[in-house]
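Here TrEMBL flags 15-44 as region 'Disordered'. Summarising the annotation, TrEMBL assigns transmembrane segment to 62-81, 87-106, 118-139, 159-182, 194-216, 222-244, 256-275, 329-351.
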């Protein structure tokens, strides 16, 4: 039989020392302090973070990501095969999913029960922004699609002419709607949601609208940048998975220098090679000037015509190729590859910091192993803006062309004014023929 005094003494010893010197039969479960020379046995740690190479569940995670990636790549290839209009539809669907995920970040069910129809107001602003953005970017393509029907042509031309006014009126209607729905106890929540909605519209449309512009400039300028981001993401994951040891940035603990460097080299090489492959298909290089889905043929332009390069003394004698044929666009592809590997990943780092601010792991769970749609589009949006600006700055001709002048005529002149212009041009041509004869 144990004396109460001994029990008290043991308890006091446990409290004072916290060591494991006391027999478990006397005091039950005792917690040990980790000694300075002890290390975690479940994997290597760096800066307090378990790296991917030591993750016990990494192979299961890899299988899930691979399965989802194959489905996404297969679906993407099918949509590209279907054509420009279907890719635009895909971008619209992605925008809707992104907006849904971002709207839900600050949503509070308790507050919205007191505000019936408040969520509908967010979507009103969303579709108003969509009408404004695509009305500006795709007005030429829309007009060219309906030129065969006179009534429809006049209707569409009128809508395009007054498109900015219509969008402004819709926005003001939403603004008035918001003011009329303000309630005394929810002012703070409502104004936060109003500001949050506008930030979402800026994030989603200001960047993804450039994606649509790239599509109709020639699918090459959409497909190559998007493919480079996918290649960079996959290469970074694989290099980090098998070789990653050194953490890259605290915002993304599983990102490693080995993955970053390996992905950069892979992406730049892939850009140079992919540009050569894609540049030989007119389906990818020709711009789409309407919203039809027919096959495309065009003069590919000097950027997509092979040029001869004699290697000569640049290569050793045993090297089998003394001359190569390269497309000029391949040199521009190197700039895209460099941006995709060095700068675009910071879009992902920004998203990681954003998620940490909201204490969430992913924006959604619509893609197994990847998170939400927004988690996949962070780098793509940064890349799309750069691709559009680069194309307009270094690729697109800046002088006036027949297509540019016709576009201005169709967009800014009425049907009667266009007929008058046609008649005046005819008179000018007849006078010149008479003078030459």
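In case you wondered, yes, glycine gets a Cβ from its N, Cα and C as well.
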Positions on the same chain near the transmembrane segment (118-139), where near means CB under 8 A and six or more residues out: 88, 92, 95-96, 99, 103, 107, 112, 159-160, 163-164, 166-167, 170-171, 173-174, 177-178, 181, 190, 193, 197-198, 200-201, 205, 209, 212-213, 216, 291, 411
For the transmembrane segment (159-182), distant same-chain residues with Cβ under 8 A (at least six beyond the ends): 115, 117-118, 121, 124-125, 128, 131-132, 135-136, 139, 142-143, 190, 194, 411
Distal contacts, the transmembrane segment (87-106) - CB-CB under 8 A, six or more residues away: 79-80, 119, 122, 126, 130, 138, 192-193, 196-197, 200, 203-205, 208, 211-212, 215, 219, 222, 358, 360, 363-364, 366, 372-374, 377
Range from 62-81, 194-216, 329-351 with most C-beta pairs under 8 A to the transmembrane segment (256-275): 329-351
